[in-house]
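TrEMBL lists 6-24, 31-52, 58-79, 91-112, 139-158, 170-192, 204-222 with the feature transmembrane segment. As annotated by TrEMBL, domain 'HTH araC/xylS-type' applies to 257-359.
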Amino acid sequence: MTVSEYIILIFSIISFSAGVYFLFKMNYSPNLWLSLILFTFSYQMFYSVLFWSRFSEFLLVQLNYTSLLPMTLYGPLFYIYVKSLTKKKLLLIDILHFIPLIIFLISFWNYYALTYQQKIIEFEANNIDSFKITIIPKMPWVLCFVMLTYIIVSYNNILKDLRKDDDLVLWLKAIHLVFGVFVIGYFVYYGLVYFEVITNEMDYFISYIMTVFISMTLYFGYQYQNIFNGKEIQKVIPFVKYQRTGLSKSFSNDIKSNLLDLMDSKKPYLDYELRLNDLADTLNVSRNHMSQVINEHFEASFFEFINSYRIREAIRLLEEEPELSISSVAFESGFNNRVSFYNSFKKVKGMTPTSFRKRLSEFS
C-alpha cells in the first residue's frame, strides 16, 4: 500500500469512528443523518483503497459491485441532514429519496446472492453484464446529476427559509460548498473513466475531497451548537479575528441595562423561536452590538444567556406548579423540545428536571 492509501484508510477509520460518536454521544437529532453521511464516506474511502491496493482479495470479491452504492445515498442523506438542521419535520414521503438505493440493490442482487466461490468465478471473468439488471442506463452519470440536483434544491431552500439566521446559513453554505466540490469531483472522475485515463491517484481525488469534508465536519459538527446558538464564531475558529464593532463602554452599559429590563418586563425568552436578531430589533441596536454585549457582559453565548432565564422560569414552575408535566414545564419556559431542556437544566443545576422535582417532593 502507498502512503496515500494509508492516509485515506486512516481517514476512513476516523470517519467511521466520528459517525459512531455523533450517533451515540450527542443528543441532537440531525446527528443521525450526519452519522450516516460519515459512515458512507468511510465505506467509499475503504472501498477505493481496497480496489486499488487489493490488500484483501476476499473482501474485494465480497464487496464487488458496491462502488456506486454510496452515490445513491449522498444526495438523500445530505438533503435530509440539512432539512433536519432547519427544523423541518421529516415526512413518511421522504422515504422516496432512497429509491435510487433500492434500484441499485435490485440491479446487482443476482451477484450479491451468490456464494463466495461463485463470486470468485464471476469476479475473475469480470462478467458484470450477466448480473446487472439495467434499469437505468449510464447509472453513474445519472447519480452524479441526482446529487447535483439535491445540492441545488437544498441550497435554495436554506436561502429561502433561513434568511434571519445568519450563523446557521454560514454553516450550511460552507457544507454546501464542500459537498458541491465533492460532486464536481465525481463528474471529473467519470469523465476520466469515460476517456480511459483514470489512475489510482486520480481515483483518490474523490477521497481527498472527502477528507476535507470529514475534517470540517469533525470540527464544525462538534462545535455546531456553540457556533449557531450565539457564540461568537471567532471564539470557535482560532484563525478568525474578533471584529470590533466600535461599541463604546457607556453605550455598551446602556444596552446591557435595557436588555436586563426587557428580559424582566417582557420575558421574550418564553418565545422558543427567539433569535439574536429579535432582541437587537426590539432594542433598536445592531445584531453585532447585541452579540458583543451578551458575550462581554455575561460571558455567555446568546442561547446560553437566554436559556439561563428559561431555566430560572422552569425552576419557578417546578416549585410553584407541581401539577405540570415535565414536558409542559419545558414548553412553558421557552424550550422547544425536551432534549434541549434536559441538557440545559442539568448543565445549570447538575441534575435532571425529574430529579429536581423528586428532591422538591422529598423536602415538602
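Cβ coordinates are placed from backbone N, Cα and C, and glycine is handled just like the others.
In terms of C-beta pairs under 8 Å, the stretch of 58-79, 139-158, 204-222 lying closest in packing to the transmembrane segment (91-112) is 58-79. Note: the stretches the transmembrane segment (139-158) and the transmembrane segment (58-79) are in contact (3+ CB pairs below 8 A, sequence gap of 6 or more).
Averaged across the domain 'HTH araC/xylS-type' (257-359), pLDDT for the predicted model comes to 89. Within its own chain, the transmembrane segment (204-222) has Cβ neighbours under 8 Å at 4-5, 7-8, 11, 14-15, 18, 22, 26, 31, 34, 37-38, 41, 44-45, 48-49, 52, 171, 174-175, 178-179, 181-182, 185-186, 188-189, counting only residues six or more beyond its boundaries.
Within its own chain, the transmembrane segment (58-79) has Cβ neighbours under 8 Å at 33, 36-37, 40-41, 43-44, 47, 50-51, 97-98, 100-101, 103-105, 108, 111-112, 116, 119-120, 123, 128, 131-132, 139-140, 143-144, 146-147, 149-151, 153-154, 179, 182-183, 186, counting only residues six or more beyond its boundaries.
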